[in-house]
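Q: Structure below; questions to follow.
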């Protein structure tokens, strides 16, 4: 095989770019959430969930070791991975009247999407989830 100087140069440049240090996942997530407005967050949450500011993240739901049995265990394990799903607690709603404000100016804790009526779980699977951090939905 015969490589031209341009091919070798292009390959070397591509490897250099691939090896360059990048942002950590936490920094990248912070950049994405810093520019969100309350209206953007509501669009991410959808019409059935409301944007909330939460005080705590429940670490007991942060692990998904796929040790459970049942139909959803394998499906959720494949979707969520080993990081699991972080659920939140101590949440209060962020008003819709401030839709154009930046989200980080309204909430310094964890921003989450919460079920509006919180008391009912209906449907085929009927899983009642409390609040889910918006960072997990981005």
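The backbone N, Cα and C atoms fix where each Cβ goes, glycine too.
Here Swiss-Prot flags 1-19 as signal peptide, drawing on sequence analysis. The disulfide bond annotation in Swiss-Prot covers 45-113, 53-107, 54-91, 114-131 and rests on similarity to another entry.
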Q: Quick one: of 45, 91, 107, which disulfide-bonded residues lie within 10 angstroms of residue 114 (disulfide bond), measuring between C-alpha atoms? Sequence order, please.
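A: So the list is 45, 91.
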Q: Compute the C-alpha separation of residue 53 (disulfide bond) from residue 113 (disulfide bond), stating it in Å without decimals.
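A: Cα-Cα, rounded: 9 Å.
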Q: With the cut-off set at 10 Å between Cβ atoms, which of these disulfide-bonded residues ends up with the most neighbours? Options: 45, 91, 107, 114, 131.
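A: The residue with the most neighbouring Cβ atoms within 10 Å is 131.
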Q: Including all protein chains shown, what's the count of other C-beta atoms within 10 A of the C-beta of residue 53 (disulfide bond)?
A: 20
Q: If one measures from the C-alpha of residue 131 (disulfide bond) to the C-alpha of residue 91 (disulfide bond), what distance in angstrom results, rounded to a whole number?
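A: That separation, Cα to Cα, works out to 8 Å.
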Q: What does DSSP call residue 45 (disulfide bond) in the simple three-state scheme?
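A: The residue in question, residue 45 (disulfide bond), is helix (DSSP, three-state).
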Q: Give me the Cα-Cα distance between residue 107 (disulfide bond) and residue 91 (disulfide bond), rounded to a whole Å.
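A: Residue 107 (disulfide bond) and residue 91 (disulfide bond) have their Cα atoms 11 Å apart.
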Q: Pop the Cα-Cα gap between residue 54 (disulfide bond) and residue 113 (disulfide bond) into the table, whole Å please.
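A: Rounded to a whole number, the Cα-Cα distance is 10 Å.
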Q: Give the number of CB atoms, excluding that of residue 54 (disulfide bond) itself, located within 10 Å of its CB.
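A: A count of 23.
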Q: Whole-number Å distance between the CA of residue 54 (disulfide bond) and the CA of residue 45 (disulfide bond)?
A: 15
